[in-house]
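One structure below.
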């Protein structure tokens, strides 16, 4: 696979030009590849660039040429057609319900465009229509709640400017939304090309797209005028060390030096294959995950993502409750939701106006589960007016009393119950308590605790890592704000944390 990326608006420039892609294709052919996929993950490939590239590859290498282009920019249907004219062997598409936006172009229009030509696909358009019908009526409604319909347009032309792939773009938006900083998306787009250049102009494809994207967000949110790259993710450090291989152009020396300061594997980047510096981990993973992994796929998942992978496997095999968002929705639930939406549009869910109290209103104090409610009852068939007063101190259950005698008119003023305020229950273990008088280590962003570098009672130097959290698949080491001793840790490994949560305290 060759990841298609650009530094210019079109194919060319000093890095990602035609010679670059031909050389990569020849390297893959020499390794024994039977087919070579051009992966256009951001939908940046223009139709005439596709024609030029496919023609050149077919002339220089023998393996089948496979084009994988996303629809994001809107160009992929035209790109497919020009690639077919140039002799491409395989193109990736989607059936219509799953096509467009940041997915692939639809299959059916291409089938009809090539019908009766020397590149006829052989697909039966009627059979495809039947498949679409099943997906539209029986499958897609169950996932409608996951559809991102915040934009009317199917095309995102901004990708032609910031060159951000769809998956990376959605992650950036989600990350900023979780941090209540979605208003900074413009700054992120502006910073992204700069960060990418400093990190060696790497192609923006998983996982490097997430590495560049998350670091860009960190820069926008945490950098100051005096200091850039104030919070560097663990994966950026790995990239600067060389664990992701050689970048297309050298990484900025200043950024590399800062990233590798105190790096556990060493402060000098490697020049060998990354595999030569990695220790075998599979046997260790087998011992740790034990019977939870049912096959090699489960084992690899855990080895790659120890915390989130283990959590996923527990949910997969029913050992842990799955969140409501991830649970499947039945067609019956979809029908109920549609009916509710229909009522809302018809105005049938509008709250009815509350009646004004009259001289016939009678006031009662009602105790329910330790709480007192003031209830007004209209004698002439009016609706009750209920207001919550306050918890009743010391009331475990209401005692049975005789009903009040009827009175011809309401009292001039209702009886007010003013119980003494009860204690407010707080989860001190998770959020910190009044006894935590030291300096807190707080979460700068939402995420998940993946490991503690220090435990309660450990001495720590200022700047030394105390806890590591994972946010958007990237590891972020949180340093000690001062020299001292860890006096409290409020979250366990695997716990989800919100921005501002106190993770540890240092005295």
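Each Cβ is built from the backbone N, Cα and C atoms, and glycine gets one as well.
Looking only at the domain 'Pyruvate carboxyltransferase' (1-129), the predicted model's pLDDT averages out at 96. According to TrEMBL, the domain 'Pyruvate carboxyltransferase' annotation covers 1-129.
Taken from TrEMBL, the feature region 'Disordered' covers 382-445.
Residues annotated as compositional bias 'Low complexity' in TrEMBL: 396-419.
Annotation source TrEMBL lists domain 'Lipoyl-binding' at 431-507.
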Composition by DSSP (helix, strand, coil) of residues within the domain 'Lipoyl-binding' (431-507): 1 helix, 38 strand, 38 coil
Residue distribution over DSSP helix, strand and coil in the domain 'Pyruvate carboxyltransferase' (1-129): 54 helix, 20 strand, 55 coil
